[in-house]
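According to Swiss-Prot, the protein carries these features:
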- 36-49: disulfide bond (DISULFID)
- 177-181: disulfide bond (DISULFID)
- 252-265: disulfide bond (DISULFID)
- 255-262: disulfide bond (DISULFID)
- 470-500: disulfide bond (DISULFID)
- 29: N-linked glycosylation site (CARBOHYD)
- 111: N-linked glycosylation site (CARBOHYD)
- 122: N-linked glycosylation site (CARBOHYD)
- 182: N-linked glycosylation site (CARBOHYD)
- 304: N-linked glycosylation site (CARBOHYD)
- 353: N-linked glycosylation site (CARBOHYD)
- 411: N-linked glycosylation site (CARBOHYD)
- 513: N-linked glycosylation site (CARBOHYD)
- 581: N-linked glycosylation site (CARBOHYD)
- 671: N-linked glycosylation site (CARBOHYD)
- 743: N-linked glycosylation site (CARBOHYD)
- 783: N-linked glycosylation site (CARBOHYD)
- 166-194: repeat 'LRR 6' (REPEAT)
- 281-304: repeat 'LRR 10' (REPEAT)
- 388-411: repeat 'LRR 14' (REPEAT)
- 413-436: repeat 'LRR 15' (REPEAT)
- 600-621: repeat 'LRR 20' (REPEAT)
- 819-839: transmembrane segment (TRANSMEM)
């Protein structure tokens, strides 16, 4: 190290600095969980890696992770190395990774190496749905308890497939071979026999054609829906004494108006079930026989099913069975009975006929009778149900009922939900039935879903009939999608105890005057959405003293007509009203009153109106429209086409506000300073506007703010100090803006902050080295969650486009200090090298001469007299070139020394130098003791050190003695671009001789050479040169 040259020291320092910088940024790349979000929940450590466009299992996941969600990616290969570092895994979700929607990416589906998961000794749940697998993966760990292979291409199950899965409790193999499968789903005899702990088995939507034999006795739930099973024998379920759920729906289906590809059994026959097929299922709690084309229900099926609690018989042909109902006497524990859509083809019955045996269902809680299709319901038709002590829900939706006696629902001790949606119930005015007035504009009863959910039953929905927010208030009545376009005083007689009423989609055009609901005085939740209500009376709803929630949204019909009266003064009369929804009414003017008044209202939804017109009036009439809502906590002003908010209107908002929503408008400017007048504001939603600027210090104007939603705007940068004192802010959403760079100073706070969620996805960052400042902030604040971090991507430079900022390699970036040091070192090194090269090129001879002169002085040398010369010329030539040496000795020497006329004495190196003297001394002596110095030049010799030294010594005589002694003989064309040679040719052309190519000219050459040697050079100088010299 002590002898290391300076260049090596510089290179070493540069490498150390570079490696140190690389180490710093390399460490930063993995300090935050990426590309997955790791969440701790009690003892679980969950890695959320779904929807990340991953093509392989990330290797940056923490080793303590217990649950990993890798669903909805593009992972097609699972090897032994995929989960090798994750030995604590208990659950793996790999659903939807080889989707058929992307055949070019996943032509062969997912490939799982045999034994790839075998080392995961703690794994209990493995989900592999929708991955185009062709077989059950081999080599799965014995610890596995749940395996889901729904929606794959598995057509066969063998003993080998299930070998090693002795601890499996739940196996899902549904939807593998049904709609697009033209073969049989084969199950080897005894394939499930060794799964002695199996509790749940799903083989639904597979072309089975029979119940698999030798099922394990441990089974609790068996799903065999839509398996094309036509015959159930007495032996099929023997040995399954522990079964609590059996689903046989969709076998021999009723295909009339089926919303999916449907193939009925031959001649529309029903499934054949042996009378004693269920005899051994004594623990059965749930039985689904929906859409099996049943026409009769033998009582013998239920002989031993005394514990059955839920029975589904919808989509069959059971109108006659509903009338007789002999099997109902065998179901003492039944709580839920669904007989929906059992109507007969092309029959519109006058009445519903319910068997007296329904009265035997003493445990029944919910009765679904949708799609029976009848015209009229009278009180006597439900007399067999009124004695049921636990009946809480009656569902008569979509029956096309035209006339109904609401007294039929009286005398039910626990009835909470009456569902009559989708009928033709009409208005009753003064006892007159207007059922013939049909509304043809009702909302269509269709679904927008194009795909079927394999986890949801085809034939009945598990969604609540009525919104839980409504039923929470008490007894509920749903009359939506009917023909009640006018409500008479006697319309709801007998419903004094109703607390939740839904009258949406009835095309009601009524002007309420405060008498319509007098027979239902205890309503607390009233839904009147999607009607055509005319608000022309301030006494509307005055009969509803207990009303707390009123939904009047989507009643824009009369609000859009300028000449019609628009009064909302009724609000101040509702002294218990807490929530009012006036959204999507297009309100742009009000009659008489310019303010909404209420002392009880807590939440007002005013979205989808025209505040832009109300607030832009020149007189500011409606600026105080919300001022008198003294206790308002939440105000929704979204989608009001606002391009600006007048300061006067904003300052007239209730100061009690805690949540203010102004999203979906066209705001380009927002006056942040006005937020200081709302000391209780916790949530501000300004998303989906056209805002460009943020305040320099948010907390200066909104210190109480906890949630700030600013997504889908045009913010391009965050001001420095934006969050400097925002200690209460918890959630900041900046997603889908035009932010390209975030400085550390914008997010740093002067005090402890509560910020826990920062949303940044949808922006396009400039991923240059300047982003390292933001990356370091991310690494220093690991407690702040960045949702969808994998979607926080780069827009440029080009090689980083569409990559996440967390995958950005910053090892090539250095800090400012390091960059300055490296720049100084490299600049110094480069400058020194260039300076040394320049000095060497320009002053090498001078330095060399001065060095040797000084060295000679120090050694005692004295300048010798040069006045005495012994030779006429010293010959400098390439002694190593034999041809040149031969020419000099035999030609040059001969013609100059041995000529008869004026012989010349030459000094030759090989003949006249003193042996033992240094070369430089001999050279200097030869030049100084000769009148002339002749240089015999070849291309090789012109580049040699000997020539350059002799030339500089001869040139030195010109400087010391003012004697030009140099003569050139060019044996080859050399130094053609030499400035010195060109200048000499202009001044003294005769001192440069070229060996002639023509032998006849040699005599002239020798004569010219002899003349040059024997005469002074300056006597032959060009006259033009001499005249120019004399001028100075």
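Each Cβ is built from the backbone N, Cα and C atoms, and glycine gets one as well.
Recorded features from Swiss-Prot, shown on the structure.
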| residue | record | DSSP (3 states) |
| --- | --- | --- |
| 49 | disulfide bond | coil |
| 122 | N-linked glycosylation site | coil |
| 182 | N-linked glycosylation site | coil |
| 262 | disulfide bond | coil |
| 304 | N-linked glycosylation site | coil |
| 470 | disulfide bond | helix |
| 513 | N-linked glycosylation site | coil |
| 581 | N-linked glycosylation site | strand |
| 783 | N-linked glycosylation site | coil |
Fill in the blank from the handout: Most Cβ neighbours within 10 Å, among the disulfide-bonded residues 49, 181, goes to 49
Practice task
Pull the DSSP breakdown for the repeat 'LRR 14' (388-411) and write it out as helix, strand, coil residue counts.
Solution key: 4 helix, 5 strand, 15 coil
Handout entry: Residue from 122, 182, 470, 513 whose C-alpha is spatially nearest that of residue 255 (disulfide bond), among the recorded positions
Key = 182
Problem - Cα distance (Å, whole number) from residue 36 (disulfide bond) to residue 783 (N-linked glycosylation site) - result: 15
Practice task
Check each residue in the chain of residue 36 (disulfide bond) that is at least six apart in sequence and keep those whose C-beta is under 8 Å from its C-beta; list them in sequence order.
Solution key: 47, 48, 49, 52, 58, 60, 61, 68
Handout entry: Fewest Cβ neighbours within 10 Å, where candidates are the disulfide-bonded residues 252, 265, 470, 500
Key = 265
Problem - Overall pLDDT of the repeat 'LRR 15' (413-436), taken as the mean - result: 79
Fill in the blank from the handout: Taking DSSP helix as H, G and I and strand as E and B, the repeat 'LRR 20' (600-621) has 5 helix, 3 strand, 14 coil
Problem - Candidates 182, 304, 671, 743 (glycosylation sites) - the one closest to residue 252 (disulfide bond) by CA - result: 182
Handout entry: Rounded inter-Cα distance in Å - residue 513 (N-linked glycosylation site), residue 581 (N-linked glycosylation site)
Key = 19
Practice task
Express the distance between the Cα positions of residue 581 (N-linked glycosylation site) and residue 470 (disulfide bond) as a whole number of Å.
Solution key: 14
Problem - Alpha-carbon distance [residue 743 (N-linked glycosylation site); residue 411 (N-linked glycosylation site)] in Å - result: 70
Practice task
Restricting to the same chain and to sequence separations of six or more, state which residues have a Cβ under 8 Å from that of residue 111 (N-linked glycosylation site).
Solution key: 76, 77, 78
